[in-house]
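What follows is one structure encoded as structure tokens, with my remarks underneath.
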Amino acid sequence: MTVTDHGSRPGHDTVHAGSERTRPDGNGPDVTDATDGTGPTAFDRPRAEAAVRELLIALGEDPGRDGLRDTPARVARAYEEMFAGLFVDPDEVLATTFDVGHDELVLVKDIPMYSTCEHHLVSFHGVAHVGYIPGESGQVTGLSKLARVVDLYAKRPQVQERLTSQIADAIVRRLEPRGVIVVIEAEHLCMAMRGIRKPGATTTTSAVRGLFKTSAVSRGEALDLISRTK
Ligand SMILES: Nc1nc2c(ncn2[C@@H]2O[C@H](COP(=O)(O)OP(=O)(O)OP(=O)(O)O)[C@@H](O)[C@H]2O)c(=O)[nH]1
Ligand SMILES: [Zn+2]
């Protein structure tokens with residue numbers, strides 16, 4: 001979705017980010033990035049299967065019984081899919097850019113998002129809204145790439161705050177836009193099905209960069225569009 005009134009304004013420069021991949025708070029390397037050459041490069045399926053078999057035994061189950069015989073392999077395949085983002089490089093996802101001569105807000109709303117809480121390894125899920133104002137170069141990325149960036153970071157062991165910041169920072173790094181805004185609304189099953197047991201409670205996080213940080217008007221307009229129902 002594209003809207004007007006966020007045109008290039010004098011005094012608002014493109015947001016530049018270093019090429020280094022660091023945590024948003026600046027405290028060392030990005031802890032969940034397995035694409036920087038320092039960690040494993042692929043999912044270890046045999047090891048995951050063995051671990052699930054062990055877990056079934058720890059639960060008091062018999063992994064040899066009929067219904068569970070294929071479960072370690074199934075769970076390993078499911079985890080491979082759920083955590084596939086550990087092995088996807090966000091910079092490659094955002095590598096294709098093109099110039100459409102647009103220097104105003106581009107906002108993709110209501111991107112369905114399924115992630116996994118790194119504390120309990122259960123799902124948190126909801127929607128992500130991703131908007132940016134292209135930089136001086138006028139380069140934009142394909143709309144689907146914004147959803148792909150959400151997906152790849154969601155498919156890692158996560159906390160919602162870091163997920164939100166990582167999406168914003170990847171867009172800053174690759175597109176050098178004037179501003180980026182990311183809002184995520186999610187329900188955490190670790191708060192719903194166990195522990196405090198508050199189904200229906202939702203958590204909203206935002207990450208703003210560049211113009212959306214410095215201009216309350218721009219931020220307010222974007223938030224208004226995000227909260228507007230169709
Ligand atoms: N800030 C933040 N906290 C989260 C997220 N996902 C889960 N948590 C919280 O992480 C915390 C972990 O707290 P601990 O006390 O170590 O674990 P716990 O005993 O299982 O906590 P309870 O869930 O309160 O039973 C809990 O308060 C969770 O609600 C997230 O994305 N962001
Ligand atoms: Zn949790």
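Yeah, the Cβs are placed from backbone N, Cα and C, and that goes for glycine too.
Going by TrEMBL, these are the annotated features:
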- Cys117, His120, Cys190: Zn(2+) binding site (BINDING)
- 1-24: compositional bias 'Basic and acidic residues' (COMPBIAS)
- 49-226: domain 'GTP cyclohydrolase I' (DOMAIN)
- 1-46: region 'Disordered' (REGION)
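Within 8 A of the CB centroid of the Zn(2+) site residues Cys117, His120, Cys190, the other residues of that chain are Thr116, Glu118, His119, Leu121, Val122, Phe124, His188, Leu189, Met191. Neighbour count (other Cβ atoms within 10 Å of the Cβ, all protein chains): 18 for Cys117 (Zn(2+) binding site).
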